[in-house]
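Participant: Could you have a look at this structure, given as structure tokens, before my questions?
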Amino acid sequence: MIIDELASKNGHLMIGGVDSVDLAKKYGTPLYVFDVASIRSQIRKFKLAFEQAGLKYQVSYASKAFAVKAIYQVMKQEDVHIDVVSGGELYTALAAGFPSDKISFHGNNKSFEELEMAVKNHVGVIMLDNFHEIELLARILKTDDEKINVMLRLTPGISAHTHKYDQTGQTDSKFGFDVESGQAKKAMQLVLENKRMNLLGIHAHIGSQIFGTQGFIMLAKKMIEIAKNLQKEFNYWPQVINLGGGFGISYNEADDPITAQEFISQIANELKQSCDDVPEIWIEPGRSIVGPAGYTLYTIGSRKDIPNLPPYISVDGGMGDNIRPALYQAKYEAVVANKMGQENIETAHIAGKYCESGDILIDKQELPETKVGDILAILDTGAYGYSMAMNYNRNPRPAVVFVENGQDKLVVKRENYQDLISLDRDY
């Protein structure tokens with residue numbers, strides 16, 4: 001997000017038509033705030049790009065980026081699919097009233113109980129990741145006398161140029177059936193022989209926070225090549241090719257992500273050149289849908305000045321509500337929400353309150369003059385903030401607020417100290 005493009009009024013950061021400083025006063029800090037209009041806009045950009053490209057398609061929100069009942073309800077309103085990666089995400093989506101036939105169930109080690117839950121709730125498709133899952137699912141389907149749609153997750157041998165923790169498509173990935181070794185072919189045979197499994201298509205995912213189109217174009221070409229080989233071997237042509245997600249967003253001015261239109265138009269060109277009968281194309285954006293829509297509000301507390309070095313400005317949250325800087329060395333930008341438009345006078349480290357030297361939310365951030373009680377807003381925190389939040393140092397997790405059309409609504413309550421001990425038992 002470009003700081004100069006942020007909305008402000010009377011020197012205060014505005015989010016979805018609501019004063020962020022008022023939100024901090026009303027709900028307390030730390031506080032996750034989501035601009036719902038931004039979420040809807042990004043979904044519609046993906047849809048429009050597919051329609052302009054003339055492809056059959058489905059947008060499936062990768063909900064590991066942010067999974068609460070309210071976001072699933074927004075996805076239902078926008079008529080998209082979702083993918084889940086655990087029984088907990090599936091349970092949350094179903095509790096939110098999301099239609100089960102629009103759910104894809106992912107994961108590299110789904111338990112018997114999770115697969116049984118997916119079958120009993122008639123999810124739209126189960127993404128099979130390994131031979132153990134094929135065996136488990138076959139047993140469940142036979143016992144329950146059920147049939148279900150499945151897709152095979154493949155590792156196509158394509159690596160995205162991104163953080164090593166975000167790479168998922170290379171041959172040595174923990175995910176999926178390897179193509180080169182023949183695993184994918186063997187899995188295909190097992191699934192096609194099982195009359196209770198309807199093989200909907202093939203899936204691959206090459207990584208996250210990807211800025212260029214080259215990796216996706218290579219993936220599209222590879223998936224068509226795989227499909228043609230499967231047609232020769234098994235007389236099977238996929239109804240769906242799922243290209244996964246991984247579309248990057250701009251966390252700072254150095255990031256230059258591709259647009260939905262750029263990505264989809266180039267993929268469409270490659271697909272149309274590679275085959276006459278292009279299958280339905282699914283994508284799984286997560287970060288690119290919710291990331292730019294999210295803000296985390298903090299209250300500034302203590303300050304540590306060191307001669308000839310940047311000061312440390314501490315806030316009332318940290319790695320417990322955003323682990324990404326410590327885990328991935330992720331970069332963010334921030335503004336002082338109650339001093340928008342004021343001139344920056346110093347560069348400071350934004351430190352969290354957790355008892356770890358690595359709890360630095362932003363290494364160096366230009367700021368105006370600050371004082372205790374100012375509200376700091378870190379931008380683009382909508383993805384993998386709340387979803388990776390924890391109770392380290394016995395800190396309660398923050399509340400979540402949605403804003404839209406000038407209205408704010410609490411969608412996740414702030415935890416309290418009683419919540420922290422609610423599962424504890426005396427010894």
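Any Cβ shown, glycine's included, is placed from N, Cα and C.
Note that TrEMBL annotation is computational and uncurated.
Residues or ranges marked as domain 'Orn/DAP/Arg decarboxylase 2 N-terminal' by TrEMBL: 37-290. As annotated by TrEMBL, N6-(pyridoxal phosphate)lysine applies to Lys64. Annotation comment: TrEMBL describes Gly246, Glu284, Pro285, Gly286, Arg287, Tyr384 as pyridoxal 5'-phosphate binding site. What TrEMBL records for Arg287, Arg324, Tyr328, Glu356, Tyr384 is substrate binding site. Among the features that TrEMBL reports, active site, proton donor is placed at Cys355.
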Participant: Cβ-Cβ under 8 Å from Lys64 (N6-(pyridoxal phosphate)lysine), same chain, 6 or more residues apart: which ones?
Facilitator: Val84, Val85, Glu89, Gly286, Tyr384, Ser387
Participant: Helix, strand or coil at Arg324 (substrate binding site), per DSSP?
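Facilitator: Note: Arg324 (substrate binding site) is helical by DSSP.
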Participant: Just counting, how many other CB atoms are there within 10 A of the CB of Gly246 (pyridoxal 5'-phosphate binding site)?
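Facilitator: For Gly246 (pyridoxal 5'-phosphate binding site), the 10 Å Cβ neighbour count is 28.
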Participant: Taking Glu284, Glu356 as the binding-site residues to compare, which has the smallest set of other Cβ atoms within 10 Å?
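Facilitator: Per-residue Cβ counts within 10 Å for the binding-site residues Glu284, Glu356 bottom out at Glu356.
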Participant: Using all protein chains shown, find which of the binding-site residues Tyr328, Tyr384 scores highest when you count other CB atoms within 10 A of its CB.
Facilitator: Tyr384
Participant: Which of these binding-site residues is closest to the residue listed as 'active site, proton donor' if you go by CA atoms: Pro285, Arg287, Arg324, Tyr328?
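Facilitator: With Cα distances computed to the residue listed as 'active site, proton donor', the winner among Pro285, Arg287, Arg324, Tyr328 is Arg324.
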Participant: I'm checking region-level scores; what's the whole-number mean pLDDT for the domain 'Orn/DAP/Arg decarboxylase 2 N-terminal' (37-290)?
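Facilitator: It averages 93.
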Participant: Helix, strand or coil: which one is Arg287 (pyridoxal 5'-phosphate binding site) in, per DSSP?
Facilitator: helix
Participant: Spatially, which candidate from the binding-site residues Gly246, Glu284, Pro285, Arg287 is nearest to Glu356 (substrate binding site), comparing Cα atoms?
Facilitator: Arg287
Participant: Under a criterion of Cβ-Cβ distance under 8 Å and sequence separation of at least 6, what residues of the same chain contact Arg287 (pyridoxal 5'-phosphate binding site)?
Facilitator: Ala62, Ala65, Ser208, Gln209, Gly245, Phe247, Gly248, Ile249, Ala383, Tyr384
Participant: What are the sequence-distant neighbours of Arg324 (substrate binding site), meaning same chain, six or more residues apart, C-beta distance under 8 angstroms?
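Facilitator: For Arg324 (substrate binding site), the qualifying residues are Ala330, Tyr384, Gly385, Met388.
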Participant: Just how many other Cβ atoms lie inside 10 Å of the Cβ on Pro285 (pyridoxal 5'-phosphate binding site)?
Facilitator: 25
Participant: Whole-number Å distance between the CA of Pro285 (pyridoxal 5'-phosphate binding site) and the CA of Tyr328 (substrate binding site)?
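Facilitator: Counting only the Cα atoms, the answer is 20 Å.
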Participant: At the Cα level, what's the spacing in Å between Glu284 (pyridoxal 5'-phosphate binding site) and Tyr328 (substrate binding site), rounded?
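Facilitator: Between the alpha carbons of Glu284 (pyridoxal 5'-phosphate binding site) and Tyr328 (substrate binding site) there are 21 Å.
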Participant: Measuring Cα to Cα, how many Å separate Tyr328 (substrate binding site) from Gly246 (pyridoxal 5'-phosphate binding site)?
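Facilitator: Rounded to a whole number, the Cα-Cα distance is 15 Å.
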